[in-house]
């Protein structure tokens, strides 16, 4: 990934710009007329890595989400509450889908998978 580029003429920031005639990526100074060809066509890359536990922490009220299915066929190992919401997601480093449960006890919110 490239870092910020600066103009060789006036030391201001170079901004990505398309040369429409040649269909190439350039970096151009907005202060002077300096331009240079980009050595890489990637201007910005955003990689997002979240584990399922991070996703359920982001959704702190996941147990009260009315769109998620609920079951009374499981029992929480932490508080013995008999109701949980469940959803499927891919676990990090695993292929296929995994079934995740979140305890519906508002004082617990324990998460586990099967």
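Placement of Cβ uses the backbone N, Cα and C atoms for every residue, glycine included.
Around residue 29 (Zn(2+) 1 binding site), the same-chain residues six or more apart in sequence whose CB sits under 8 Å from its CB are 7, 9, 10, 12, 13, 14, 15, 35, listed in sequence order. A strand conformation is recorded for residue 29 (Zn(2+) 1 binding site) in the three-state DSSP classification. If you look up Swiss-Prot, you'll see 7, 10, 29, 32 marked as Zn(2+) 1 binding site.
Taken from Swiss-Prot, the feature zinc finger covers 72-113, and the record attributes it to sequence analysis.
For 76, 79, 103, 108, the entry in Swiss-Prot reads Zn(2+) 2 binding site. The Cβ of residue 79 (Zn(2+) 2 binding site) lies under 8 Å from the Cβ of 103, 105, 107, 108, 110, each of which sits 6+ residues away along the same chain. Under the DSSP three-state reduction, residue 79 (Zn(2+) 2 binding site) is assigned to coil, being neither helix nor strand.
DSSP classifies residue 7 (Zn(2+) 1 binding site) as coil under the three-state reduction. For the zinc finger (72-113), the DSSP-based tally of helix, strand and coil residues reads 0 helix, 15 strand, 27 coil.
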